[in-house]
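Asks: Take a look at this one; I'll ask things after.
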């Protein structure tokens, strides 16, 4: 009976078990209504991208999932549990790690303090040794000030510190923005490795060529909602449509 | 008699020691203000009243409950700190999203109410609080005689200030606190309970004020206006040191106490205004204070 009831829910009806399931999500900055019914699924263990122009609502979507938007409505289910009404700290403790677009590195903390700041919320997080193996530069710079490092190193720190906590879903907001190609490649390799280790990742990107090397599925965001979606395998056949959406 | 620049050394050292003692209180109080301002972004105008409450808590603990000085040194900060936590949870927590002026009005109003209540019950003439017997014998330093209790106040204040600085700058709890000061939203998004951190920080800042109150009780008499008298100077110290700077508030507190003492020797008429003159000079050259970061 329990199984039958579970099967009736939309999440269970999806082809793979969903890590994250967003539906009819609305969000506001003050009076300004910016998300108009966002809806998408993120299957467990997959990398999903939100593509779209500036101002489409991609960052706001991640902020809403993380609970840092004050005014939001609709449904955000993480591992089957409704989180729309939870405060940000409870959402983090449920097992979602957030790497914001501005990276959120603390200037008044050293690299090590930044790395160790997020509390471990669930077992199964990466050890310090594994993190240093992934990001050897960080080990060299542990005592420097968090914002004294290069942009690329700060980006790696911002990703590294959410790996310790045991989060299973990572929200990465434009991790390659403004970085040199060699750093972009390194971050790409890191994300592939994280995917191989079983992390589920929502990636916000403007650079769909970068996204195409990593993602399983793409959602195109426009005007605060998802207007199209395709599997990465179908990217080439949709390339003209995508160019039109992104205006590139 | 020995003299230094025409000033008898006894007088010079006497005033400098007095300055150092005042400085110890400036440091403890401005440290609490800095800790509170850093995380809560509230200028705690009730800080002086809470310092006075600390002194009264010590007095009442002794008179009514027979708790001695050492007991009061532990209990008074806990009691007054708990009072601060209640104030933060029930009143201040409602103001964080509003203009900072509301926090200022609330804490200023609270200060007036607390002072009024104590004035009503205890009058304005000071109540005596004897220093513990262990400090009866003065210290013979050779160049001067130093009352032992005053030496204790300077040492205790220094230790508490340094311990606070160490906790904030060098421990993981302190790192969380600094991070929450810088970007509370991001810290919440890591799963840390920022409102609880804010409450405990306020409680700690208030406890520091109460501790200063107990330390002050045997030196200045215990009276309802003691906080109002000192707090204006402490605000000047905070402004000179730089709002929210921990080490800045400690160093500035002691240094300005010394300046005040020195002025009493050289030009006594200016001793009560010298700190404000320094404040104006510092603000003209460094608007963020000596140790303050640019806003």
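Backbone N, Cα and C atoms are what each Cβ position is placed from, and that goes for glycine too.
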Asks: Of B:49-66, B:121-138, which range does TrEMBL call transmembrane segment?
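Replies: Among B:49-66, B:121-138, the range TrEMBL annotates as transmembrane segment is B:49-66.
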Asks: Between the transmembrane segment (B:72-89) and the transmembrane segment (B:20-42), do 3 or more CB pairs sit under 8 angstroms, pairs being 6 or more residues apart?
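Replies: Stretch pair does not touch.
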Asks: Six or more residues beyond either end and a Cβ under 8 Å away: which residues meet both conditions relative to the transmembrane segment (B:197-220)?
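Replies: Apart from its flanks, the transmembrane segment (B:197-220) reaches 21, 24-25, 28-29, 31-33, 35-36, 39-40, 44, 47-48, 50-59, 69, 72-73, 76-85, 87-89, 92-93, 126, 129-132, 149-150, 153, 156-157, 160, 164, 176-177, 180, 226-227.
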Asks: Name the range, of those listed as B:49-66, B:72-89, B:149-168, B:232-258, that has the largest tally of Cβ pairs under 8 Å with the transmembrane segment (B:101-118).
Replies: B:49-66
Asks: Who are the long-range neighbours of the transmembrane segment (B:265-285) in its own chain, taking Cβ under 8 Å and residues 6 or more past its ends?
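Replies: The answer is 7, 11-12, 15-16, 233, 236-237, 239-240, 256, 259.
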Asks: In the same chain, who gets a Cβ under 8 Å from the transmembrane segment (B:149-168) while lying at least 6 residues past its ends?
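Replies: Contacts with the transmembrane segment (B:149-168): 17, 20-21, 24-25, 27-28, 31, 35, 131-132, 135, 139, 174, 177-178, 208, 211-212, 215-216, 218-219, 246-247, 250, 253.
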Asks: Please indicate, using numbers and ranges, the residues of the same chain that are 6 or more beyond the transmembrane segment (B:49-66) and have a C-beta under 8 Å from a C-beta there.
Replies: 29, 72-73, 75-77, 79-80, 83-84, 110-111, 114-115, 118, 122, 127, 129, 206, 209-214, 216-217, 222-228, 230-231
